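Asker: Below are the features I grabbed from TrEMBL:
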type     : residues                                       : note
ACT_SITE : Cys359                                         : active site, nucleophile
ACT_SITE : Cys362                                         : active site
BINDING  : Arg152, Thr154, Trp165, Ser217, His220, Arg252 : FAD binding site
DISULFID : Cys56-Cys61                                    : disulfide bond
DISULFID : Cys96-Cys131                                   : disulfide bond
DISULFID : Cys359-Cys362                                  : disulfide bond
Amino acid sequence: LTGVLDDCLCDIESIDDFNTFKIFPKIQKLQERDYFRYYKVNLKRPCPFWADDGHCSIKDCHVEPCPESKIPVGIKAGSSNKYSKVANHSKELEDCEQANKLGAVNSTLSNQSKEAFIDWARYDDSQDHFCELDDERSPDAQYVDLLLNPERYTGYKGPSAWRVWNSIYEENCFKPRSVYRPLNPLAPSRGGDDGESFYTWLEGLCLEKRVFYKLISGLHASINLHLCANYLLEETWGKPRWGPNVKEFTRRFDPLETKGEGPRRLKNLYFLYLIELRALSKVAPYFERAVVDLYTGNGHEDAESKALLLDIFRDTKSFHMHFDEKSMFAGDKKGAKSLKEEFRLHFKNISRIMDCVGCDKCRLWGKLQTQGLGTALKILFSEKEIQNLPENSPSKGFQLTRQEIVALVNAFGRLSTSIRELQNFKVLLQQTR
């Protein structure tokens, strides 16, 4: 892949260099810190759209939550949520033992601001949300250590997995049913149509709807890249060996294997990276305030985490070819407002579809990355509110929960990893030729 991306003035080589030398090493470090490694998620929410296929029984689909007894009391302090103190009699996870400091208090505020946090929790900002958020108070919501449950190939595939993506593309991308997405095994036989009618249709859309499709396609490409890069290569004597699978990568992205579709998908990955990068640069003022503290209870670590996050924000601001979101929803006010609401509801619906994913590990990472993108969109459409934030008190005009912050950073971390893995596959492909 080379050259300039559509719908923005940025070239692929600039993103590769910026990501490799500036962003990737720092975002990797940030994801390992206590505040960002624990994500609270409900993996038991029923699919709202069709009867459940039944859960994937492959062992690699399993997600191991941290036992309640291993989550320090401090993680629950400072939150208005009440937790049932159910004794955990199950065998305690050896893996969680490795996490010496399980941090991550469910709060973005310092001690003196905890009372204000309760007001935050009560404030209903659902009008700003692009995602269906899990109820953290649900007894089914559990903390998951993302480092101990990495996103990788699980073996979950076939009609069940395809139905999820099919529902996302066919029913939520502003697409008429008569226009078929290329290489969709669930679409009726298209005869001589090689998918070009799809792109003719896409080019005829307004910028906003075109962007929406590219974001979803980019997310799909990124997830596929993670699966190719972290593939179960062999399992001998119960010891699995994970690594890059060039054959699988070629099957999903090679121009010949995908009738030219693969490079388009990868370009959409770069486009999505630019959108989330822009959101990070826009949200910096929110975190630069002294009142926002990545609070885990360990003062030294909290200060280091915030310093690293602010360092990443400085890098994002220094990037000179940002996507200009002001070009979106820029028509007459009434039409723009209506289109923005349609955009938000379509994306919210996609976040609900993630509860239909049959593999728990895929569901975990699908929900996290969707919520991360939803948070990025919320930021891009809240620029004025962010600019008007008070310096020394939490604002009701714009707020992020800890879950949204963790999802935003980890989702962008996944995109950064995808682009880094793409460089690795380029080298591996050259070696195999």
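Every residue gets a Cβ built from N, Cα and C, even glycine.
Note: TrEMBL annotation is automatic and uncurated.
As the structure is a computational prediction, the values presented were derived from the model and not from experiment.
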Asker: Hey, what's the Cβ neighbour count for Arg152 (FAD binding site) at 10 Å?
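Answerer: The answer is 19 other Cβ atoms.
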Asker: Measuring Cα to Cα, how many Å separate Cys61 (disulfide bond) from Cys359 (active site, nucleophile)?
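Answerer: Here the two Cα atoms are 5 Å apart.
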Asker: Which of the listed recorded positions (Cys61, Cys131, Cys359, Cys362) has the least company, meaning the fewest other Cβ atoms within 10 Å of its Cβ?
Answerer: Cys61
Asker: Relative to the Cα of Cys359 (active site, nucleophile), which of the recorded positions Cys131, Thr154, Trp165, His220, Arg252 has the closest Cα?
Answerer: Thr154
Asker: Looking only at Cβ atoms, how many others are within 10 Å of the one on Arg252 (FAD binding site)?
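Answerer: There are 19 of them.
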Asker: Whole-number answer please: how many Å between the C-alpha atoms of Arg252 (FAD binding site) and the residue listed as 'active site'?
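Answerer: Between the alpha carbons of Arg252 (FAD binding site) and the residue listed as 'active site' there are 18 Å.
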Asker: Whole-number Å distance between the CA of Trp165 (FAD binding site) and the CA of Cys362 (active site)?
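Answerer: Given the Cα positions, Trp165 (FAD binding site) is 12 Å from Cys362 (active site).
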Asker: Most Cβ neighbours within 10 Å: which of the binding-site residues Ser217, His220 is it?
Answerer: Ser217
